[in-house]
Amino acid sequence: MELSYRLFICLLLWGSTELCYPQPLWLLQGGASHPETSVQPVLVECQEATLMVMVSKDLFGTGKLIRAADLTLGPEACEPLVSMDTEDVVRFEVGLHECGNSMQVTDDALVYSTFLLHDPRPVGNLSIVRTNRAEIPIECRYPRQGNVSSQAILPTWLPFRTTVFSEEKLTFSLRLMEENWNAEKRSPTFHLGDAAHLQAEIHTGSHVPLRLFVDHCVATPTPDQNASPYHTIVDFHGCLVDGLTDASSAFKVPRPGPDTLQFTVDVFHFANDSRNMIYITCHLKVTLAEQDPDELNKACSFSKPSNSWFPVEGSADICQCCNKGDCGTPSHSRRQPHVMSQWSRSASRNRRHVTEEADVTVGPLIFLDRRGDHEVEQWALPSDTSVVLLGVGLAVVVSLTLTAVILVLTRRCRTASHPVSASE
């Protein structure tokens, strides 16, 4: 049981931690050469604008070959390239922005994330499968100081007002951070009882100051924010409703800066869902930093000691609507996909009401057993009391057995020493 559990975690974390191997298996830098194909079951080549994935049909190393039809890439389930059944490798070749791949910006890199899914289905009229379902995260990292394009970057000295008229898009990011908030979390694994530290950011370059808000967040077992089951973390234009329950989830006060917003979420997993992983999708938006927070643009947490809501900044009145669950008319439904809007020409004439929005996903967050939960250990290794009781029970059984044997032998001896005469 322990071996299969470790194999499951290895398949999920291959290339992300040192649980299975000291070096990542398929996390390659842009332009890096890939290792020998005979060593690894999955190889990834991050090219200038495309992603190439090569999967060995002996994916699990058991000799049981998988079928190419059972493999897909990304949330949009892109199919592999057509290949001969006799080939030992299944190949994918897609654009970096295809198949639903997500892009995040860190301090030093552009990160494109996706996953390889092996979902075996019964063949013909059979109702069984002989291989396991596996979801393998894949990342391509490109240094921000470099240029992934073959065309040179030309400097521009356009002021912000001109950039607004050019309808420039801003860059949003959502990252998992270490507990001290000083660095990005290296491993996506958590124990129940931990808190996930999330940091939302807006990258604006040298433009005028902007203030970032988390409008709403939802957790799902897949990268699709419309999947079921789901759990709402932030709602009603900035109310961190996850803190209403038995969780201590809250926004961090004060925020590091107007362009950054940090918050913690007590980790969880969906009941009756064997995947033990979640993805968190947040709808981020910005306003001008000089604009005061209001009911539509706020960051509010719930305080259990005072049984009230409080904001990261601004008047406490802007959080009162969190109690009613009605904080104004939403720009779009929380559960509907949203495409990043652009700065409009008409809105730029009145910049006080201009906002920019985007949906950003982070994950998977993978959950192990509870901290301090020794049920598995108790199941595997009996406690001292159990050992004593087991020993006493065995001693009683042995004693009763010996007593029965002695009684039988004694009766036979008595019968042999007093034979019954036929004449009598």
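Cβ atoms here come from the backbone N, Cα and C positions, even for glycine.
As annotated by Swiss-Prot, signal peptide applies to 1-22.
What Swiss-Prot lists as domain 'ZP' is 45-307. For the domain 'ZP' (45-307), the predicted model reports an average pLDDT of 84.
Positions annotated as disulfide bond by Swiss-Prot: Cys46-Cys140 (among others). Of all the Cβ atoms in the protein chains shown, 26 others lie within 10 Å of the Cβ of Cys140 (disulfide bond).
The disulfide bond annotation in Swiss-Prot covers Cys78-Cys99 (among others) and is backed by experimental evidence. Secondary structure from DSSP puts Cys78 (disulfide bond) in a beta strand. All protein chains shown were included, and the count of other CB atoms within 10 Å of the CB of Cys78 (disulfide bond) stands at 19.
What Swiss-Prot records for Asn125 (among others) is N-linked glycosylation site.
Here Swiss-Prot flags Asn147 (among others) as N-linked glycosylation site, drawing on experimental evidence.
DSSP assigns Cys282 (disulfide bond) to a strand segment in the three-state reduction. The disulfide bond annotation in Swiss-Prot covers Cys217-Cys282 (among others).
Cβ neighbours of Cys239 (disulfide bond) (same chain, under 8 Å, six or more residues apart in sequence): Lys298, Cys300, Phe302, Trp309, Cys319, Cys321, Cys322, Cys327. What Swiss-Prot lists as disulfide bond is Cys239-Cys300 (among others), and the listing cites experimental evidence.
Mapped onto three states, the DSSP output places Asn272 (N-linked glycosylation site) in coil. Residues or ranges marked as N-linked glycosylation site by Swiss-Prot: Asn272 (among others).
For 388-408, the entry in Swiss-Prot reads transmembrane segment, with the evidence type sequence analysis.
As annotated by Swiss-Prot, topological domain 'Cytoplasmic' applies to 409-424.
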Argmin Cα dist to Cys140 (disulfide bond) over the recorded positions Cys78, Cys217, Asn272, Cys282 returns Cys78
Students should find that the Cα atoms of Cys217 (disulfide bond) and Asn272 (N-linked glycosylation site) sit apart, in Å rounded to an integer, by 22
Going by C-beta under 8 A and a gap of 6 or more residues, the same-chain neighbours of Cys282 (disulfide bond) are Leu174, Leu198, Ala200, Val214, Asp215, His216, Cys217, Ile233, Val234, Asp359, Val360, Thr361, Val362
Around the Cβ of Cys99 (disulfide bond), other Cβ atoms within 10 Å, all chains included, total 19
